[in-house]
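S.K.: Here's the feature list from Swiss-Prot:
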TOPO_DOM  1-45  topological domain 'Cytoplasmic'
TRANSMEM  46-66  transmembrane segment
TRANSMEM  76-96  transmembrane segment
TRANSMEM  108-128  transmembrane segment
TRANSMEM  133-153  transmembrane segment
TRANSMEM  159-179  transmembrane segment
TRANSMEM  187-207  transmembrane segment
TOPO_DOM  208-601  topological domain 'Cytoplasmic'
BINDING   D295, D339  Mg(2+) 1 binding site
BINDING   D295, I296, D339  Mg(2+) 2 binding site
BINDING   295-300, 337-339, R383, K939, 1019-1021, 1026-1030, K1066  ATP binding site
MOD_RES   S491  phosphoserine
MOD_RES   S544  phosphoserine
TRANSMEM  602-622  transmembrane segment
TRANSMEM  628-652  transmembrane segment
TRANSMEM  680-701  transmembrane segment
TRANSMEM  734-755  transmembrane segment
TRANSMEM  763-780  transmembrane segment
TRANSMEM  801-821  transmembrane segment
TOPO_DOM  822-1091  topological domain 'Cytoplasmic'
REGION    905-922  region 'Interaction with GNAS'
REGION    990-993  region 'Interaction with GNAS'
Amino acid sequence: MWQEAMRRRRYLRDRSEEAAGGGDGLPRSRDWLYESYYCMSQQHPLIVFLLLIVMGSCLALLAVFFALGLEVEDHVAFLITVPTALAIFFAIFILVCIESVFKKLLRLFSLVIWICLVAMGYLFMCFGGTVSPWDQVSFFLFIIFVVYTMLPFNMRDAIIASVLTSSSHTIVLSVCLSATPGGKEHLVWQILANVIIFICGNLAGAYHKHLMELALQQTYQDTCNCIKSRIKLEFEKRQQERLLLSLLPAHIAMEMKAEIIQRLQGPKAGQMENTNNFHNLYVKRHTNVSILYADIVGFTRLASDCSPGELVHMLNELFGKFDQIAKENECMRIKILGDCYYCVSGLPISLPNHAKNCVKMGLDMCEAIKKVRDATGVDINMRVGVHSGNVLCGVIGLQKWQYDVWSHDVTLANHMEAGGVPGRVHISSVTLEHLNGAYKVEEGDGDIRDPYLKQHLVKTYFVINPKGERRSPQHLFRPRHTLDGAKMRASVRMTRYLESWGAAKPFAHLHHRDSMTTENGKISTTDVPMGQHNFQNRTLRTKSQKKRFEEELNERMIQAIDGINAQKQWLKSEDIQRISLLFYNKVLEKEYRATALPAFKYYVTCACLIFFCIFIVQILVLPKTSVLGISFGAAFLLLAFILFVCFAGQLLQCSKKASPLLMWLLKSSGIIANRPWPRISLTIITTAIILMMAVFNMFFLSDSEETIPPTANTTNTSFSASNNQVAILRAQNLFFLPYFIYSCILGLISCSVFLRVNYELKMLIMMVALVGYNTILLHTHAHVLGDYSQVLFERPGIWKDLKTMGSVSLSIFFITLLVLGRQNEYYCRLDFLWKNKFKKEREEIETMENLNRVLLENVLPAHVAEHFLARSLKNEELYHQSYDCVCVMFASIPDFKEFYTESDVNKEGLECLRLLNEIIADFDDLLSKPKFSGVEKIKTIGSTYMAATGLSAVPSQEHSQEPERQYMHIGTMVEFAFALVGKLDAINKHSFNDFKLRVGINHGPVIAGVIGAQKPQYDIWGNTVNVASRMDSTGVLDKIQVTEETSLVLQTLGYTCTCRGIINVKGKGDLKTYFVNTEMSRSLSQSNVAS
């Protein structure tokens, strides 16, 4: 098995290299794959079936020979020819069953089989009796038909072989019979009839081959599309899982994924959700965890000196390093708030050493910042606080999901950081108990620095770093970066140093197709770019992605080709029944039978062409009687009407007048193409007419034509030579009898041209026809055919005896057409199955793509999501953008802190969070309104809602806009704040609460960017953001506080503002602030809620 796999891989590689391009510069990989597909799916099974049919026919001929009791010495040539042919075909059959030999000697096998069949035909013609004009026409017609339909010739070679076959038969017969004395008056008509039969066989065979090749090409294309969709689906699923898991922990990600898929699948899922008045809450309680809060001291001052790119790079590198430290210490990063970082140990699986993990992480963070400070000379430090307890963790709201934690213990951990000291890890007494003496500590006195700690009587400690007393050699000298500090800004020194850490970029794995082949959805290490030294490798990977995709597609195609082997369709299939070829899925079977068939009119056309050939043949050889004219005239009118109805749609498009009759014909044409029952009815009528007309006039032979004295076979010597001559002359007048048999064969072929019509229907029609024809040949008209053969031949062989030749020929054609019909039915169903699978997988891909987009847009604004979804090398770089005018809003519910309690009644705070989830979800609902399409939710911080406007504008276009238009988004933000107030009032009425919203708004320049590879997060930074936050924290309940600059803009937009006065803002000094008119707020918010 492994040798075969290696052989296939070498074959794939070699052929792929050969297929890299042709003379016209186009890839040729599809050509050789299609050849292989065509070879194994069509050519191989058909040539196997042909050999089985021929060998079976040889055995049947031998059986018939001995059953008839013919003398061996009279038919030596027959007994030599048939067993020899049987041996040759059996040897070829053995070789054909060896796949490798078949592929190498495909053309040779085709040529040998064709030559052997032609040789058999001439041997049958020359031996067994006198040569007649109708001799072996059925056998050569069989050769012509199978050359097109079953031998693996291309169309050109098939035409050449068939023309040689038919022309050689015509020429040989003409030469032989022209040299024979007597009986030449009908020779020309018989030869012409033979030519018409051969032309009909060529046309039917070429038609069959052309349509089958088109169908196979379509099946191949559908197979390729399905495999491509499967590869893409696998990629999308892996990408979606990675994306989801990069945003949310696995234990809630799958629940939320199921809800999104339900939402994307349409109204049915929505109807189920409407029965619940509450939004789903994805929050769980976890006990015995430790929470770490860390703040970079001095970063605000450093950030004010940074360019947008430097700021985002620094944050990404710093927090990327912290994520790495968190992973090493079994901690989960929760969120990034500006320059604040917090994480938890003990989620989602409880860990006994959670406190040690957090303390170790805090020490490592301080050590990492110390290295940065020592290496760059930039005055930054780390303040870390750790507390242990219980948390509620999960996601709230409908948009911009961010995994978060809530509880009194989380609040305490936050204050542990605020009450800490730079460079130290500040822990609570609870955490100290969990450490079990693992670290030395000293008094922390946190209650002196933070009133919350003092109010709650929290005893705090500082952890003594075990490495603190062991100084590294670096402290003995100033690094080169510091020595050069006078020559470059601190931010430049920081950026250059942090680049050496090589933190992964956000969403770096989104479009790496080399991740497609990883197992179990694991991200390979090659997917994570580590620093700029990998840029060249990334470029090479991107250039080779298409080639790898082609290789994977080719490999999957080879596997599919292996699955579509000659024997596979006869074995058990998951989708198709073995014998009947019906689909196991009843719905699929119904859909298949109801499939529209626009090509049906061409089937009828080809059948009518065969009918016309039968008519020409019988006109050439039959006596010209009134019955002949009337019968074919009536049949012609019926078929012409059917043909007209089928083509009515195309014919009437040119007609300007639309009479009721024309409209009925046009409608009928569409019904025939689109509905199965009219097609079935017309198929039965058309084939029945042709099959009946093949033998109809045989029943109207005159008595003189039907009765022939058996003189040639009599032993009475009293008959004179003149009587024998009369008998022969009468027999010659019945020269048309074999052409009834050939007309029957053409009638059977007419059934096979209805390629996509029900296989069982065609089989039933041909079976009834075969039984009827054999009844005529062997019973009702047996004496006529038998007497005719005995008059012409003294001891006729099997192929000279009309009854035997007719019955055997019809049976061989019946089996051949049955095999072709079944083969065609199988691949038609396979094509339908592939299309159905492709359609379903296409829908699943679209769902996955939409899911990925929803997930990405749940983290990023739409225009930023497009940046990462775009397939370009720029995705490898960090996204950052600076804006000159962005309006930032912080809306908080201070009362919620008092409302939040942890008790058994409210499930330890879970029910409080359920209400908060409803509030945030209702706030998020407003974002879907068209008037608020420009509002971008940034994040929620506890019960505070942060949003911004002006982020969707192209920065370069900000200055080109008119002043009023430039500030329109600030008015939109105020309107949004009004709407939030109205939503909260509505929630208060339903929940019997009295929450008040406190809003702070500011506008100005900001820097936007995406940071973090583990959990990518879109955020905005800058003084504008800090002041907006202060506008909220220093604000008044039920008021919207804005800065003086923002109030001036709002007044130009028609809003009224009331001066609050001068207030002291932490870090900004004294600022003059304003309240937006709350009466306007109240009226507008109520109208928003009503709308």
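Here, residue 1 is simply the first one shown, and the rest follow in order.
Even glycines carry a Cβ here, placed using N, Cα and C.
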S.K.: Run through the Cβ atoms and count how many others sit within 10 Å of the one on D295 (Mg(2+) 1 binding site).
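M.R.: The Cβ of D295 (Mg(2+) 1 binding site) has 23 Cβ neighbours within 10 Å.
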S.K.: Quick check on the binding-site residues I296, L337: which one has the highest count of other Cβ atoms within 10 Å of its Cβ?
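M.R.: Neighbour-count leader: I296.
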S.K.: Whose Cβ lies within 8 Å of the mean position of the Cβ atoms of D295, I296, D339, the Mg(2+) 2 site, other than those residues?
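M.R.: Sorted by sequence, the hits are A294, V297, F299, T300, G338, C340, Y341, M382, R383.
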S.K.: Which sequence-distant residues neighbour the transmembrane segment (628-652)? Criterion: at least 6 residues beyond either end, Cβ under 8 Å.
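M.R.: Contacts with the transmembrane segment (628-652): 600-601, 604-605, 607-608, 611, 615, 618-619, 622, 662, 665-666, 668-670, 672-673, 682, 685-686, 689, 693, 696-697, 700.
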S.K.: Taking residues 6+ outside the region 'Interaction with GNAS' (990-993), which of them lie with a CB under 8 Å of any CB in it?
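M.R.: Hits for the region 'Interaction with GNAS' (990-993): 899, 915, 918.
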S.K.: When a 10 Å sphere is centred on the Cβ of V1027 (ATP binding site), how many other Cβ atoms does it contain?
M.R.: 24
S.K.: Return yes if the transmembrane segment (734-755) and the transmembrane segment (76-96) have at least 3 CB pairs under 8 Å (sequence gap of 6 or more), otherwise no.
M.R.: no
S.K.: Could you check whether the transmembrane segment (133-153) packs against the transmembrane segment (76-96) - three or more CB pairs closer than 8 Å, residues at least 6 apart in sequence?
M.R.: no
S.K.: Is it possible to list how many residues within the region 'Interaction with GNAS' (990-993) are helical, extended or coil according to DSSP?
M.R.: 2 helix, 0 strand, 2 coil
S.K.: Quickly jot the same-chain residues contacting the region 'Interaction with GNAS' (905-922) by Cβ under 8 Å, restricted to those at least six beyond its ends, or write none.
M.R.: 278-279, 281, 283, 285, 390, 392, 396-398, 406-407, 893, 896, 899, 940, 943, 945, 983-984, 986-987, 991, 993, 995
S.K.: Hey, which of 46-66, 76-96, 108-128, 602-622, 680-701 has the most Cβ-Cβ pairs under 8 Å against the transmembrane segment (159-179)?
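M.R.: Highest pair count goes to 108-128.
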S.K.: Whole-number Å distance between the CA of G298 (ATP binding site) and the CA of D339 (Mg(2+) 1 binding site)?
M.R.: 10
S.K.: What Cα-Cα separation, expressed in whole Å, is found between D339 (Mg(2+) 1 binding site) and R383 (ATP binding site)?
M.R.: 11
S.K.: Can you tell me how many other Cβ atoms are located within 10 Å of the Cβ belonging to G298 (ATP binding site)?
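M.R.: Summing over all protein chains shown, G298 (ATP binding site) has 18 other Cβ atoms within 10 Å.
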S.K.: Pop the Cα-Cα gap between I296 (Mg(2+) 2 binding site) and R383 (ATP binding site) into the table, whole Å please.
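M.R.: Answer for this pair: 6 Å between alpha carbons.
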S.K.: The transmembrane segment (46-66): which same-chain residues, six or more beyond its ends, come within Cβ distance under 8 Å?
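M.R.: Residues packing against the transmembrane segment (46-66) from afar: 75, 78-79, 82-83, 85-86, 89-90, 92-93, 96-97, 102, 109-110, 113, 117, 146, 149-152, 566, 798, 804, 808, 811-812, 815-816, 819-820, 823.
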